[in-house]
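See below for the structure under consideration.
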Amino acid sequence: MFTTWPARRHACSSLFCHLHGAGSAMLYRVLDAVTSVKCETRRARKQIKVLEALDVAGTQLYHFTTIVIAGMGFFTDAYDLFSVSLIADLLGRIYYHSADGKLPGKVAGAVSGVALCGTVLGQLFFGWLGDRMGRKRIYGVTLKLMVVCSLASGLSFHNKPKCVVATLCFFRFWLGFGIGGDYPLSATIMSEYANKRTRGAFIAAVFAMQGLGNLAAGAVVLVLSARFKNTAAYETDQLGQADYVWRIVLMLGAVPALLTYYWRMKMPETARYTALIAKNLKLAASDMAAVLDIDFVSEADADVVQQDEFGLFSMEFLHKHGRQLLGTTVCWFVLDVVFYSLNLFMKDIFNNIGWFGDAAMMSPLEQTYKIARTQAIIVVCGSLPGYFLTVLFIDRIGRIKIQLMGFTMMTIFMIGLAAPYKFWSKPSMHVGFAIMYALILFFANFGPNSTTFILPTEIFPTRLRSTCNGISAAGGKCGAIIGVLWFQYSHTSNRSSLLLLAGCNLIGVMFTLALPESKGMSLEDITGEMEEESEPPGESAMIAEAEFIHSVEIS
């Protein structure tokens, strides 16, 4: 019953041999996990320290400065993209002599959609360029494009309507190209500057400037319409005065971009780009030390860190991030089908229930004034509260829960509008229709319109972050183009269109479930790009020899 020591030693040797042959893979993985925590290499420790300083930094003045600098681009984006729907009827009256202001079908589609086409290409091109050349280096290029093309759009002069519209569409395409570049760059810059505790709120605050830009477009049209329609010249030359209005509206889009150009040029490159892509930790630390009050590691800790180098079209990217890229792109796609349809064709939807009255009985600027007033009311009551609540709760509730809630509530309210559509068409129910409409936009902004912008900046690795954000955003703008074409050319009833948009929201719910939650985590923890280095093969072999007995059973 009792075995001798040689026998026990022989049994132990056999056990270790079995572990080495059949189960050593699991044993070494456990060993690697232990040594990566307790015996991490010198390089890995330095890299973590540099980025940790940003992740745990307190909220500072420069964070708010960055919100304004990056957000002003979105203010300009929203102003330029949404103002065109307010002045489209003026173009119809001035150049096509339409009694109700409607543009011919092809012209209306071009005016509404050409900027979105440019935006798609800009998002893809500048998103890729942001990862290749740096976020800051090309940040000013997009702003220059927006300024020049905003001014040029208002200077589309010619004596033939086709030439005016063609020139306008040309400059609006390149305006959209610049706007597209601002999406991935602004989002990436803000996410890489922010700390992990309030990163969601900071990115959401940048995007909330879209709501203020939308409101500004309505306010500017309101003020200019009221000013020009009360002049003596308007009584004798209505179309001539209206021609001034739409041109001034478009040209004023250059003002907010101009105001922030200097500060964009003064911004340093983000620390994550400099450290992880340019591989210069010393410069990353000095850049951030110049604008943030943070204790960084010393200059001696400025070595390069080894990372995965798989590309966008590699199988490894497909395995690690393919499902996430599909999820962010599809969610943004279906969201923008809904969001841009509801915003760009708000006047048509409200006109369909008789909200504005008979347009043929109004003067050009009277009709424009009523359209702008309605948009401003909807933005103030619905859109802006949604943006602000996202800023307040995104880091408490989480991105995924807010996105799921937004898609679900939008579906409910859209069905609530579409199912009893004739009921809402009654004059006594117009206010109720406007309230329901505002609630849809409230949950769009306290929901997927904000979170689809935030998630792609957090869940992809640094060297592909701007590119993947650009791809996701371009998918969204493709959805916006489809929404524009659908409302312009399908000749489907508003009731059927609302039901179709409700179906898009349900698709968004399903694809949201494929996305990870990123609340409260550092960007490197989310993406897994900063896995600590394992011990060199030689060292691992030495450890194995020192710690384990490899023996062979002798019969």
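Backbone N, Cα and C define each Cβ position, glycine as well.
TrEMBL has this to say about the protein:
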DOMAIN    66-520  domain 'Major facilitator superfamily (MFS) profile'
TRANSMEM  53-75  transmembrane segment
TRANSMEM  107-126  transmembrane segment
TRANSMEM  202-224  transmembrane segment
TRANSMEM  244-263  transmembrane segment
TRANSMEM  325-346  transmembrane segment
TRANSMEM  371-392  transmembrane segment
TRANSMEM  404-423  transmembrane segment
TRANSMEM  429-447  transmembrane segment
TRANSMEM  495-515  transmembrane segment
Long-range environment of the transmembrane segment (371-392) - Cβ separation under 8 angstroms, sequence gap at least 6:
82, 86, 89, 201, 204-205, 207-208, 210-212, 214-215, 217-219, 221-222, 225, 346-347, 350, 355-356, 402, 434-435, 437-447, 449-451
So are the transmembrane segment (429-447) and the transmembrane segment (325-346) touching or not, going by 3+ C-beta pairs under 8 A with a sequence gap of 6 or more?
yes
For the transmembrane segment (325-346), sequence-distant contacts whose Cβ falls under 8 Å of one of its Cβ atoms, 6 or more beyond its ends
82, 85, 112, 116, 214, 374-375, 378, 403, 407, 410, 437, 440-441, 444, 448-449, 452, 455-456, 459-460, 468, 471-473, 475-480, 482-484, 486-487, 497, 501, 504-505, 507-508, 511-512, 514-515
Count the CB pairs under 8 A between the transmembrane segment (202-224) and each of 53-75, 107-126, 244-263, 404-423, 495-515, then give me the winner.
53-75
Mind looking up the mean pLDDT for the domain 'Major facilitator superfamily (MFS) profile' (66-520) in the predicted model?
89
